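According to TrEMBL, the protein has these features:
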type	residues	note
TRANSMEM	21-44	transmembrane segment
TRANSMEM	70-90	transmembrane segment
TRANSMEM	102-123	transmembrane segment
TRANSMEM	129-148	transmembrane segment
TRANSMEM	160-181	transmembrane segment
TRANSMEM	201-222	transmembrane segment
TRANSMEM	248-275	transmembrane segment
TRANSMEM	320-339	transmembrane segment
Amino acid sequence: MIRSSVLYRGPAGAPRRPVTVFAGLVVILLLSVLASTMTGARFLSPSEWWRALVAPGADPVTAIVWDMRIPRTAVGLVVGAAYGVAGALMQALTRNPLADPGILGVNSGAGLAVTVGIGLFGITGVEGYQWFAFVGAAGVTALVLLLGATGRGPTAPVQLVLGGVAMSAVLSGVSQFLSLLDPDTFAAVRNWAVGSIGRTRIAELLPVLPLVGVALMLAFALGRSLDAMALGDDVASGLGVRAGRTRFLAVIAITLLAGPATAITGGIAFVGLMVPHVVRWGVGSGQRVILAGSLLVGPALVLAADVLGRVIAIPGEIEAGILTAVIGAPLLVLLARRASTT
């Protein structure tokens with residue numbers, strides 16, 4: 001059986017100087033940004049890259065940097081941060097180290113809502129997708145948390161995961177069924193759902209930023225309450241934390257993060273699962289520290305996967321969502337085995 005305490009025990013030998021770890025994470029993120037803006041079918045030398053940044057002109061290199069790679073990198077930063085922090089929140093909320101928005105059905109709910117929007121309402125573009133995705137993510141999150149609840153007690157991790165997996169399977173099946181009813185809908189959904197960060201322009205990213213920004217502020221505001229809830233609802237109540245209110249606000253933050261991120265990319269699997277574990281191994285188990293680390297590691301992971309997909313498939317590319325799924329599936333098995341023996 002998965003025990004909630006697994007999530008909150010800091011790893012043996014965790015560093016006692018988180019400032020050093022965070023400095024390293026910032027460097028890794030900056031290197032990921034640099035690689036994302038320099039790497040692709042046309043690799044840019046440092047001099048070409050710098051000239052395009054500081055003295056843009058009408059040449060092809062400037063167009064590559066400003067019209068293609070900077071928007072792509074910006075999307076990776078926003079989506080990676082959203083999925084990373086959403087995963088950390090979901091694991092803290094459920095006290096389950098195997099939880100992330102995708103495993104618990106949030107992405108599938110957003111995907112079904114977007115499919116309905118495309119097929120029935122003719123919605124196109126990120127501006128239209130994000131509202132449908134938000135409603136779908138919110139509805140599924142609330143339903144899965146309800147299914148995972150056991151009477152008046154805290155949410156049960158095993159029931160929550162099972163309920164989320166079941167909901168994800170059902171919603172994915174319904175989404176596929178609806179998309180197959182119309183060839184145009186199928187083509188639009190297929191192109192949307194591949195987990196790519198390379199198709200969104202800056203203008204399409206801007207409407208998402210307020211939602212993600214509000215959710216990030218809310219997530220950090222909940223950090224201390226989530227730390228108290230890790231000790232159990234009774235202890236948290238004794239410390240003055242209102243567990244029901246904290247859960248509700250955490251669900252709002254998760255849906256504000258996962259819904260828009262899924263609307264932009266179509267879903268990038270396992271980022272929310274992997275990122276919090278990487279952060280815990282480095283800096284320990286304080287919730288605010290985990291959230292801050294996830295804010296850095298999430299974008300670095302998404303950008304690294306995107307760069308790798310561009311490098312190994314030149315002159316084409318493999319979407320970031322495919323590579324994170326390939327990496328994340330074995331990690332999920334490893335975490336499940338580790339949790340079951342703890």
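Cβ atoms are placed via backbone N, Cα and C, with glycine included.
Annotation: stretch 129-148 has the most Cβ pairs under 8 Å to the transmembrane segment (160-181), among 21-44, 129-148, 320-339. Most Cβ pairs under 8 A with the transmembrane segment (70-90) among the ranges 102-123, 129-148, 201-222, 320-339 are made by 201-222.
When Cβ-Cβ distances under 8 Å to the transmembrane segment (129-148) are tallied for each of 201-222, 248-275, 320-339, the top count falls to 248-275. With respect to Cβ pairs under 8 Å, the transmembrane segment (102-123) is most closely packed against 248-275, considering the stretches 21-44, 201-222, 248-275. If you look at the transmembrane segment (201-222), the same-chain residues 6 or more away from its ends with a CB under 8 A from one of its CBs are 70-71, 74-75, 78, 81-82, 85-86, 88-89, 125-127, 130, 134, 246, 249-250, 252-254, 256-257, 259-261, 263-264, 287-288, 291-292, 295.
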